[in-house]
Amino acid sequence: MKKVSVFGSTGFIGKTTVGILSGNTEDFKVIALVAGSNVSLLAQQAKLLNAEMAVIADDAQYEELKRSLHGSGIRVAAGKEAVLEAAALSVDTAVMAITGIVALSAVMRLIESGVGTIALASKESVVCGGVLLRDAACKSGTRIVPVDSEHNAVFRLLSQGDNPYKITITASGGPFLHWSHDQLKSVTIEDALVHPVWKMGKKISVDSATMMNKALEVLEASYLFELGYRKIDVVIHPESIVHALAFYQDGTSTALMSLPDMSIPILHALYWPHRKEVSVREVDLIAYGKLTFIRPDFERFPALKAAFDILQSSERDVASIVFNAANEVAVESFLNSEITFLEIVNIVLHVMNKVPYGKVSSLADIMEYDLLGRCIAREVISDAS
């Protein structure tokens, strides 16, 4: 029986994970559940899974969580330090589904605690943690198994032991793939939150619409799998059936295909290195009839071009951190109706040109550049308003 903790249990990935764990109680013992502010759902999940500990990151929710779990025997804690305390608990697998760079400190604490496997759904922590995170995981023996569909597919393809010369990850193209530039000028928040294939949270839905999500995934793949600029490619694949492809020197290639269902990579990461047999729908190629692949237009998706530019830059580490930080601020501003949809990526690119670059050698350096990127992004937004 594996000991498991889930960070970000009340988000979409977290809720899907909890559903899998609740249906396989004979295989998992839940040690800790960590959520941001949804205290009622966290309490329900903790009771359902009989977790040993429930942590709410929002200090103000502590008393409510304590009342909700009174008499359950479940330990309760709140605040940022409590999140790190949960990350230090001894588990076999930790699911990291917290969005944004705030996940990075917890990921590093998990690695320091010697966790066997991190099922990682926080691409931002890899983009910002970069080589520092990868080297720490290698030193401690922690295996990072990515949970997002494309990187989980790459992980599986590379696990076959072959040495591909190139990896291609796919992108759905988002909700505005065929919209004109004039139409994009009038995109509403509601428009951006409706994804044609995947069911996701607000931030990642907006990132998918701007193609920033795929841009971050390009950087994530570079760090996770040590892939250089020429070894990563992206194609738009609206059906989201093929998640990644590996190309070999003998002229052959291998693709990993599945229905667009996040429970598949989550299940794989939870049971890794074993494969869990479950009743799932297989891909019916006859029903689909055809699969579509489109080369992305860098003029239409400047965020994606920026990611490949970063891969070629000698300032990759700092640039990745600032790229993510500025985007988090810009997306938040868009969701607060402070900027337009088209301004999101423009602001990010503007911030990239204003940051003084240097070296990253510690977690403190990462947080410093993250803060700098956020401050400049807020200044740019303020000056434009």
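Quick reminder: no glycine exception, Cβ is built from N, Cα and C everywhere.
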Figure out which of Gly79, Gly173, Gly174, Gly201 sits with Thr10, Gly11, Ile13, Gly36, Asn38, Glu124 in the NADPH site per Swiss-Prot.
Gly201
Swiss-Prot annotation, Mn(2+) site containing Asp148, Glu150 - matching residue among Glu81, Glu217, Glu226:
Glu217
Same 1-deoxy-D-xylulose 5-phosphate site as Lys123, Ser149, Glu150, His195, Ser208, Asn213, Lys214, Glu217 according to Swiss-Prot: which of Ser105, Ser172, Ser180?
Ser172
For the Mn(2+) site given as Asp148, Glu150, Glu217, which other residues of the same chain have their Cβ within 8 Å of the site's Cβ centre?
Lys123, Pro146, Ser149, His151, Asn152, Ile169, Asn213, Lys214, Glu220, Ala221
In whole Å, how far is Asp148 (Mn(2+) binding site) from Lys123 (1-deoxy-D-xylulose 5-phosphate binding site) when you measure between their Cα atoms?
8
Let's check the environment of Glu217 (1-deoxy-D-xylulose 5-phosphate binding site): how many other CB atoms sit within 10 Å of its CB?
27
Among Gly11, Gly36, Gly201, all listed as binding-site residues, which has the most CB atoms within 10 Å of its CB?
Gly11
Can you grab the distance from Asn213 (1-deoxy-D-xylulose 5-phosphate binding site) over to Asp148 (Mn(2+) binding site)? Cα atoms, rounded to a whole Å.
11
